[in-house]
Amino acid sequence: MSHQSSLIAEDIESYLQEHEQKDLLRFITCGSVDDGKSTLIGRLLHDSKMIYEDQLAAITQASRTSGTTGDQVDLALLVDGLQSEREQGITIDVAYRYFSTDKRKFIIADTPGHEQYTRNMATGASTASLAVILIDARHGVQTQTRRHSFIADLLGIQHLVIAVNKMDLVDYSQARFDEIVAEYREFAAKLNAPDIHFVPLSALEGDNVVNKSEAMSWYEGPALLHLLETVEVTHDKNLTDLRLPVQYVNRPHLDFRGYCGTLEAGILRPGQRVKVLPSGKASTVARIVTFDGDLEEAYPGQAITVTLDDEIDISRGDWLVAEDAEVPLADAFEADIVWMHDTALEPGRLYDLKLATRDLAGKITRIDYQTDVNTLEHHAAERLALNAIGRCRVEVAGTLPVDDYRVSPGTGSFIVIDRMTNVTVGAGMVRGAAEGAGNTGEVDWQAFEIEFNALIRKHFPHWEAKDVRSLFGQ
């Protein structure tokens, strides 16, 4: 089955050790409806020999009832797992697949192309380092192509591979490929992505997916898989600005107090001076503890427990940063928000926000503008409908450190949660502290919360509950 089947059979320990040392690339496939995203992933798995025999037999059988490729095996069925997806021939949910080659491990997120599932695409893109954006060679750059490119850029994906698919349907025309490249480059001039590659391919026929195509001898670049194996993503991590959001305080006994969390940015070492935000108290790192023993250095993505020389007040939601770091503290910030719910975002409503490891109440007080994903122009808006993207002012209850998403995605992103249904209704990328933001911590309480608080104070006076309005200066 696999390119390493013989090694697995002969020496499983060597295989596991070799597999552990490979670096990992997370990437998404996106584009307009029926551009061939699922077929492309199926082709990657098939031609890199990462399909089990029973899987191949299953999709061969399914191709007779749900396939769209005639007598050929419909490789898209490897990814389109939902029954409704197979019946409609489209991708609805984000489908994840895993495979590896001799050089690298991969996690693929196949995201839906339909506009009403843009929120699913944003979810898949949030953890990716690279985006493969498919364009149908017959249709060129479409609205959804621009939308997905903009979302990928918004979420900080620095590497874009523009895969011009279905080249077999335009007779492998170099002129058509060059025309699409020029059209996309004109649009991409408005994006921030520093690394863009273009590959002409046919996922159905396998041209330029894993192996170079004989039908497109005019194309001198690498096949798609070679690009995925060689793209350099390690330098994308921020190793300068230390950020460790505290997930919980580990206190197994009286002689140990550790602060657990995933290092989001920077390099942490024992003996390093750090300070806690938002309190500003400073201390020195004593140990970096992990399940496998103490570390001399910790890097972004590692889950660690940190002990300090001093006993200072630290709790869930606080950040550990470098002692000399200048991180603004504010009760309001500017953010780009992708709205993910049928009920539109209307300024003034109170929501729950989850930012890094901190949970807090907040509200979107103003929509500065909505971005037209076709032209990237800004337009005035009073509300954000489903799948809309806008720049907003967010005010929160309390003071918190504010990170730009481009500095540290882990501490500069948040989700918006409806307080009544507990449904995630939006996702946001922080762009900095809001102009005129203070640290008053004021919040506009909903009527039912004020009434509920009053009932508790009336009927349970022994609880000594405080008036929520007085607590926040209302």
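Every residue, even glycine, has its Cβ placed from backbone N, Cα and C.
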Can you identify, from 31-38, 63-70, the stretch that Swiss-Prot calls region 'G1'? 31-38
Tell me which of 89-93, 119-123, 194-198, 389-393 corresponds to the region 'G2' entry in Swiss-Prot. 89-93
Given the ranges 165-168, 173-176, 233-236, 281-284, which one is assigned the annotation region 'G4' in Swiss-Prot? 165-168
Do you know which of 110-113, 250-253, 438-441 Swiss-Prot annotates as region 'G3'? 110-113
Take the region 'G1' (31-38) and count its residues per DSSP category (helix H/G/I, strand E/B, coil), listing them in that order. 2 helix, 1 strand, 5 coil
Across the domain 'tr-type G' (22-240), what is the average pLDDT of the model, as a whole number? 81
Here the 10 Å Cβ neighbour count for Gly31 (GTP binding site) comes out at 28
